[in-house]
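Notes follow once the structure below has been shown.
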Amino acid sequence: MKKIAILGSTGSIGTQTLEIVRENPDLKVKGLAAGSNVELMEKQIREFAPQTAVMWSEEAAADLKKRVSDLPVRILCGMDGLLELASMDGYEVLVTAVVGMIGIRPTIAAIESGKTIALANKETLVTAGHLIMPLAKEHGVSILPVDSEHSAIFQSLNGEDTKRLSRILLTASGGPFRGKKRSELSSMTVEDALKHPNWSMGRKITVDSATLVNKALEVMEAGWLFGVSLDQIQVVVHPQSILHSAVEYVDGALIGQMGLPDMKLPIQYALFYPDRRPMKGEKLDLFRVGTLTFERPDMETFRGLCLGIRAAREGGSMPTVFNAANEKAVALFLDHKIGFLSIAELIEKCMDHHHRIENPDLGQILQAEAETYEYIEHINA
Ligand code: NDP
Ligand code: MG
């Protein structure tokens, strides 16, 4: 029996993780956490019987407490609740599927208490990878990627020494606006940006896929997970989303992982690693796919990718500013307060304004996040 907890259980990755639990009776859920979706959390508690559940808001936690007063479940709230869930005894794998930098502190607490991390929450590594990776090493904890590209790289590296790795080919669908020019992007609406051609995901990451900011975050995530330099990571636009990423070895051999675009495979792989389990559902039919195509990314049009690479090169606190500015700008875009192109413009302004800190500690990372939010409010007022 493998015992797990999920941060962000009501979201896209969280609910798909629970589908895998449903199909594998030897997985047991010990803890669940979400933001405010009390209704779904109540259903999840009734079905999966965790011992602890956390809601971000106090109000939601109070409501949940009433709804499940007939059950022996402990209800907690806020950051204290997330930290308690992350560090409590009685489970082995924490699935980090919250969205945004809120994931940093619970991930650190889980590592310090020896949990394996199944990591979907890329923002944590982007902003605090220099703290998380050495901490995981110190505690002998594995960080297993859930992100489909990173899972593909991880699967392609399996059993090989990374010294033999020459580079990583990180694939990108190109999002709903692939092939468009800047002039066409200015009129794109929230509804247009949320129409991802291949993947069904949460709203924030779907917008990140339309701006290609998601790919910039993934370049940084890959750098931390696999210990490679930026120059060893090539973004490859692959509109069919069948090759989920590949690695090239020093002898030129290129090994990748293919499959239908379905997050359940990488989630399940992380939960059972190094084992593989059968999975229900359709399998990839190469005859039906027919053609796979590859293109260079359009860095001129998709400024978000360009800025992300700049943030990665500058390093220190700059990736935090890039990420925090993007989180805030995407929220404003989803709220119809700014246009699509303003997302990258706001990110650039925040990065230009920031005085970079070389090796930020957790306090400085959270401070840079707060200052970036304030600066956006100031210039957007
Ligand atoms: P969703 O928006 O679908 O879900 C986010 C989850 O986080 C929800 O359960 C939400 O709860 C919860 N949450 C939000 N704020 C808080 C908070 N303050 N405290 C506790 N819980 C909170 O996101 P996704 O599942 O799409 O993405 C999650 C992470 O995984 C992101 O980092 C994303 O980049 C990454 N990822 C996602 C992929 C995908 O296919 N979706 C693919 C690869 C990576 P509530 O519902 O109550 O608001
Ligand atoms: Mg991805």
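Cβ atoms here come from the backbone N, Cα and C positions, even for glycine.
Heads up, TrEMBL stuff is auto-annotated, nobody curated it.
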Among Glu58, Glu59, Glu218, TrEMBL assigns to the Mn(2+) site of Asp147, Glu149 just Glu218
Per TrEMBL: 1-deoxy-D-xylulose 5-phosphate is bound by Lys122, Ser148, Glu149, Ser173, Ser209, Asn214, Lys215, Glu218, and from His139, His196, His336 the site also lists His196
NADPH binding in TrEMBL involves Thr10, Gly11, Ser12, Ile13, Gly35, Asn37, Asn121, Glu123; of Gly175, Gly179, Gly202, the partner in that site is Gly202
By the 10 Å Cβ-neighbour count, the most surrounded of the binding-site residues Lys122, His196 is Lys122
Of Glu149, His196, Asn214, Glu218, the binding-site residues with C-beta less than 6 Å from an atom of ligand 1, in sequence order, are none
Spacing of the two Cα atoms, Asp147 (Mn(2+) binding site) and Glu218 (1-deoxy-D-xylulose 5-phosphate binding site), in whole angstrom, works out to 9
Of Ser12, Asn121, Glu149, Gly202, the binding-site residues with C-beta less than 6 Å from an atom of ligand 2, in sequence order, are Glu149
For Glu218 (1-deoxy-D-xylulose 5-phosphate binding site), the spatially nearest of the binding-site residues Ser12, Asn121, Gly202, using Cα atoms, is Asn121
For Mn(2+), residues beyond Asp147, Glu149, Glu218 with C-beta within 8 angstroms of the site's Cβ centre include exactly Lys122, Pro145, Ser148, His150, Ser151, Leu170, Asn214, Lys215, Glu221, Ala222, Ser245
Pairwise CA distances across Thr10, Gly11, Ser12, Ile13, Gly35, Asn37, Asn121, Glu123, Gly202 (listed as binding NADPH) top out, in Å, at 22
